[in-house]
């Protein structure tokens, strides 16, 4: 056994208090599922998928944050800052801008329509083909994303306990399937509340203890400043630069708008709130919560650099994978205190469980509303609906378990699967944006734009992923050294690391299109989709904008494309929609 392996083995002391804390979180989630599954009245479709459309603002906001901040973010963002500095953090400007854009232009459209699946909108605005296209893209994206959500925290668990990945992932998936199947959206939301508290607590704990060990936060900031990890935004206009102010602001707006404003995973929670004003409050709290968590993760990344600046554990393979760097730091920082390592790992799995349960519940909504209801001749009974919703959760969850095995044994699949999100996100955002802002474009143009967008982004994203996986394209990190390591390691890793440095001639061999920063992918996919749709419209024509139901358009442009019939509909909607969305007391007052 090498000295590195010996150190890893010594650090893997997950004690019984750690297991108690870790298991306690799962037990609490199970009880929440049991409560909403058995203690409340029988869950109908509206209760199971939408929480009765009468949920509270704060739990929904916390659930949104918890489901968006997956274990990938919780473990990946600190390592990103450790390796490359805080340039990524300027995406917070994109988050803030997204909050205003979604609140004003997108959220009112979906909330007023009283729909369950976001893709119902596409059939109302275009036709059934677009609804199926959106649903299929959503399904592909989620099935590719879910195994990674579970696999990444399983790597962290493996780092601190030595327990194999394939041992813990089925257990976690079964627990998540159990409480999601029983309790529906209410169970998902309230377990998310517990899990977000666990996440924040774990990050704060690591930040405080690590800062004390290093000599205070001032030492952390000083080390980060001297190494160039704290720096102003990069103003370079070159789109191939990994992170610039423009990629984080403009590219970030497109990415976050797609993820938050038109994705079923997120919009389903906003539609579970009774009024548009409460949905907007939840959106504001979501943006604030994401910024706080991103700040905590980034600080922990700087803290790790201050701790490891003399000996990089990624180079020495003390951390065998990038996502195992933070767990390694936690073992060294909290390992001497029983239960604290367990609390951190519980926080990481909380992030995974919240994302997994959200996706499973959203999948049940999409399958029921988009793949089954439109194709049955008779209305489904309540029993059939309940059976279908729960069967989808179980089936997708089981599929997720098997896909984790594939991800584990075929490393390149992980990189290829991560690229699926970029392939589908941009075209979907483009189609929804066409729907709410361009009433003159019809279904034929939108569908062609979406197909070209998916094909184009598949080509660009997969080519770029292949260049990264093959070592043909690498990104230069901030200064890291192993010159002052106190333990022996295999020095051949230094030779292989040196060989990964690309010459300028080698970089020129890679088509610039494939070197575009991943932060531009969603923007590029959306613009490609909209551009093709507009071009097709000019060649073959489209809709008369005044024939489009104005409720399907963003409020800012409704008045410009409103016929006399639509004007009458507006008067009716001004009466009907507020009544539908208000509470009983408000209706009585009216």
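Every residue, even glycine, has its Cβ placed from backbone N, Cα and C.
Automated prediction, rather than curation, is the source of TrEMBL annotations.
TrEMBL lists transmembrane segment for one of the ranges 231-256, 257-282, 283-308, namely 283-308. Sequence-distant contacts of the transmembrane segment (187-208) (same chain, six or more residues past either end, CB-CB distance under 8 Å): 25, 28-29, 32-33, 35-37, 51, 55, 59-60, 62-63, 65-67, 69, 74, 179-180, 269, 272, 289, 292-293, 296-297, 299-300, 303, 326, 329-330, 333-334, 340, 343-344, 346-348, 350-351, 353-354, 357-358, 361. For the transmembrane segment (89-109), the partner stretch with the most Cβ pairs below 8 Å, chosen from 58-77, 160-180, 283-308, 445-462, 518-540, is 283-308.
When Cβ-Cβ distances under 8 Å to the transmembrane segment (58-77) are tallied for each of 130-154, 160-180, 283-308, 445-462, 518-540, the top count falls to 283-308.
If you look at the transmembrane segment (445-462), the same-chain residues 6 or more away from its ends with a CB under 8 A from one of its CBs are 126, 129-130, 133, 137, 416, 419, 422-424, 426-428, 430-431, 434-435, 513-514, 516, 521, 524-526, 528-534, 536-537, 540, 542. Most Cβ pairs under 8 Å with the transmembrane segment (160-180) belong to 387-407, among the candidate stretches 130-154, 283-308, 387-407, 518-540. Remote same-chain residues near the transmembrane segment (130-154) are listed as 70-72, 74-76, 117-120, 122-123, 165, 168-169, 172-173, 263-265, 323, 345, 348-349, 351-352, 355-356, 359, 362-363, 366-367, 370-371, 374, 396, 399-400, 403-404, 406-408, 414, 417-418, 420-421, 423-425, 427-428, 431, 443, 446-447, 450-451, 454 (criterion: CB distance under 8 Å, separation of at least six residues from the stretch ends).
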